[in-house]
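These notes are about the structure you will find just below.
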There are 2 protein chains.
Amino acid sequence: MSHRTVFFVSDGTGITAETFGNAILAQFEATVRRVRLPFLDSVDKAHQAARQINHTAEVEGRRPLVFTTVVNAEVLDVFQHHCRGMLLDMFGTFVQPLEEELGIKSNHRVGRFSDASKSKAYHDRIEAINYSLAHDDGQSDKDLESADVILVGVSRSGKTPTSLYLAMQYGLKASNYPLIPEDFERRKLPPALATHRKKLFGLTIAPDRLSEIRNERRPNSRYADLENCRMEVAEAEAMMRREGIRWLSTTTKSIEEIATTILQEVRPERLEY
Amino acid sequence: MSHRTVFFVSDGTGITAETFGNAILAQFEATVRRVRLPFLDSVDKAHQAARQINHTAEVEGRRPLVFTTVVNAEVLDVFQHHCRGMLLDMFGTFVQPLEEELGIKSNHRVGRFSDASKSKAYHDRIEAINYSLAHDDGQSDKDLESADVILVGVSRSGKTPTSLYLAMQYGLKASNYPLIPEDFERRKLPPALATHRKKLFGLTIAPDRLSEIRNERRPNSRYADLENCRMEVAEAEAMMRREGIRWLSTTTKSIEEIATTILQEVRPERLEY
């Protein structure tokens, strides 16, 4: 396919347009250049953006794709009438059918994130981030009662990014604990975890991938050595089996996939809100 | 408006359906119950989900809204023909016009996050998360050269969640540094920051909001006292003005809005990728 430029155009952050646009683009074997154009909250800014898009169309000799979540009618009008890109109007397409279905008018409010800072859900999410941060890497045994989930696994199996993502996306208080050689020697979970068995979820990883990741951090160390990684992973998996801890392999999974699987397994009631 | 149930239905994580669905719903003054149904990757699971949706329709006496990003044709077929919800097919709506525009067929690949774990962008994002975590709250002066942005502000002005979000969403290496009474007495930035002036971005916050937040953490402390918060905020803003540091107030902004503003101000070149 020929090269294309894709614009994500919004009067808010553009995060929705980008998330959605990239999901659609993943359906195509296409090489694209992506340009984010957030906060286009005036007709002037819209015209300036339209000029940028039109310039790209001229230079590249084909029309750019323009994913938009613009809510302001006047701003949207600029893109509908003065922009030579292919407009993919994500809101317009669905808002009208929804107005009919719900029997109410949309409020054309810009940005689903606006005013979020006042809501309880937002507050809980920030609390969850702070909690997950304070409980990263077994840093604190305090208040493990409040944890929604406690991740365990060998060093660099993906616990930290997963914990933070669980907090950020799903508002879960996620603590995480490394399984270390001392635990394997004792053949027991870290003592602080014994009374929180139900909240535990294990992450494992293919030893060769683990060795690769650890080598980036500490090249040619015993820590990163493939044989050592094989031993640690085998011990960790044996422990999780012995202790009846649910687990998954992070080797080929993204943090989004890992986090959603954990949400579903450990906190299925949180699938509803 | 009458109460509605909204389903987010996906053969992947459902994060795209949820992000997009919530953005649309924010346009309506509606009270809704939300239900995530991720990983519906077989016809069996689809039928089970459709039964759940149909049951809700019966109990509530009105059809639920069903935002879907299902890619698998057989799975989608179940929802198109056996589900009594209002189907908002986000992919189907845009994929066909895009196939025509691009002159290629979509690959019906499930999940924009799949295989992500192998990509360079994904790797960089995980690196950014680890970096931001290691450089939270002035923990480390090491390797500040690598930082894309260094946030400064008084304690609890929003630096930590913003840093992590910048890393998670935009792959920026974001360090953050508290401005503390000692800095105000010396009337100087923390020494480690002097050579990184261009990367600095300040966060400030309304004193009464700050006092509220600090009171949750340390009730009735001098730290949380409104007068003290006023003094710290005034000193921090004066310092930022004196040092020519760009800044914004986080009082009524979400981390998404704060992060996107910072991206645009400090790393405008990263708006393209």
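Cβ coordinates come from backbone N, Cα and C, glycine included.
Feature annotation from TrEMBL assigns ADP binding site to B:GLY153, B:VAL154, B:SER155, B:ARG156, B:SER157, B:GLY158, B:LYS159, B:THR160.
Listed binding-site residues (B:GLY153, B:SER155, B:THR160) with a CB under 8 Å from any chain A CB: B:THR160.
The record gives B:GLY153, B:VAL154, B:SER155, B:ARG156, B:SER157, B:GLY158, B:LYS159, B:THR160 for ADP. Within 8 Å of the mean position of their Cβ atoms, the other Cβ atoms in that chain belong to B:ASN176, B:PRO178, B:LEU203, B:ILE205, B:THR250. Here B:SER157 (ADP binding site) comes close to B:LEU203, B:THR204, B:ILE205, B:LEU210, B:ALA236, B:THR250: these same-chain residues lie at least six apart in sequence, with C-beta atoms under 8 angstroms from its C-beta.
Among the listed binding-site residues, namely B:SER155, B:THR160, the Cβ with the most fellow Cβ atoms inside 10 Å is that of B:THR160.
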